[in-house]
Amino acid sequence: MWQAISRLLSEQLGEGEIELRNELPGGEVHAAWHLRYAGHDFFVKCDERELLPGFTAEADQLELLSRSKTVTVPKVWAVGADRDYSFLVMDYLPPRPLDAHSAFILGQQIARLHQWSDQPQFGLDFDNSLSTTPQPNTWQRRWSTFFAEQRIGWQLELAAEKGIAFGNIDAIVEHIQQRLASHQPQPSLLHGDLWSGNCALGPDGPYIFDPACYWGDRECDLAMLPLHTEQPPQIYDGYQSVSPLPADFLERQPVYQLYTLLNRARLFGGQHLVIAQQSLDRLLAA
C-alpha cells in the first residue's frame with residue numbers, strides 16, 4: 001500500500017520518500033496514519049480493498065464541499081488501492097477543539113454553504129454513508145417523501161434487520177411524511193453529520209471532515225447541534241447572523257434529530273435504544 005501511495009504522491013510532488021509513518025489512535029472505523037512524504041504531511045485512511053468505493057465517495061464529497069468555496073475541508077491527494085488495501089490520502093491538519101470565535105466563523109461558513117448553488121431536487125448523484133451506515137440518496141422532488149422514506153424509513157428497516165423493532169414502519173413513515181407535508185424548502189448542500197467529532201480548528205481556521213453529504217433541508221445540519229453539548233453554541237449564532245432560521249424551525253427539529261438517534265440506536269444499542277424510542281413516541285403522540 002505504501003508503495004502505491006508513494007507513486008501517486010510522486011506524480012504530484014515529484015520524487016521523494018516516506019520520512020514519517022505513525023499510526024494514529026482512535027481509528028474506530030478505519031486505520032489512520034500520519035504520513036510525511038517529501039516534506040508534506042498527510043492523513044491516510046486505509047482498510048480492506050473491498051472498501052474502496054467508500055473512500056471514493058468520501059473523496060467526491062470533500063471535492064463537492066471544496067467546490068462551494070464556503071467551507072474548509074482537507075484537500076484530497078489520492079484515493080486508490082493495491083492488491084490488499086484501499087486508501088484515502090488527505091492533508092494532515094492537526095485538530096484542536098473549536099473555541100467560541102472559530103465556532104462563530106464556522107457557523108457563518110455553514111450558512112453560506114447552504115446558500116450555494118441552485119439544486120431543484122433532494123438527494124445526491126451517489127449513495128454514501130452516515131458513519132458506517134449506508135445512506136441512500138435517490139433524487140426526489142418532494143422533501144417530505146425523501147426524508148420520510150430515505151432517512152427514517154431506511155433506518156427503521158435496517159434496525160428491523162437486526163431484530164430491533166420501533167413500531168409499524170409504514171405507519172411511522174406516513175406520520176413523518178405528514179409532519180413535513182407542508183414544508184418544501186430550497187435544497188441545500190448539507191455536511192450531513194455535523195457534530196463536534198467532525199469539526200475542528202486547524203492552522204488556518206475551522207474545518208470540517210467526514211461528511212455524509214446530500215441536498216436536503218438546511219435545518220437538518222442545525223438540528224444536530226443540540227444533540228452534542230460539547231459543540232460550542234456560537235456555531236448557531238454565527239449561522240443566524242448570515243441566514244436566520246424560520247420561526248417554526250424548532251417544530252421540525254425533533255423530526256430531523258430522529259434520523260441520528262435511530263442510527264445511534266442501531267449501532268450502539270443500550271441507552272441509545274431508549275432515547276430513540278422515547279423521541280419517536282413523542283413525535284407520534286404530537
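A Cβ is built for glycine as well, from the same backbone N, Cα and C atoms used for every other residue.
Taken straight from Swiss-Prot:
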- D91, Y92, L93: ATP binding site (BINDING)
- D193: active site, proton acceptor (ACT_SITE)
Subject >> Least buried by Cβ count (within 10 Å) of the recorded positions D91, D193 >> reply: D91
Original post:
Do any residues at least six apart in sequence from L93 (ATP binding site), in the same chain, have a Cβ closer than 8 Å to its Cβ, and if so which, in order?
Top reply: F43, P74, A200, G202, P203, Y207
**OP:** Tell me whether Y92 (ATP binding site) sits in a helix, a strand or coil according to DSSP.
**Re:** coil
**OP:** Determine the Cβ neighbour count for Y92 (ATP binding site): the number of other Cβ atoms within 10 Å of its Cβ.
**Re:** 18
**OP:** Would you list, in sequence order, the residues of this chain other than D91, Y92, L93 that have their CB within 8 A of the centroid of the site's CB atoms, where the site is the one recorded for ATP?
**Re:** D41, F42, F43, P74, K75, M90, P94, G202
Original post:
So, in DSSP terms, is the residue listed as 'active site, proton acceptor' helix, strand, or coil?
Top reply: coil
Subject >> Y92 (ATP binding site) to D193 (active site, proton acceptor) - Cα separation in whole Å >> reply: 20
Subject >> Cα-Cα distance linking D91 (ATP binding site) and D193 (active site, proton acceptor), given in Å to the nearest integer >> reply: 20
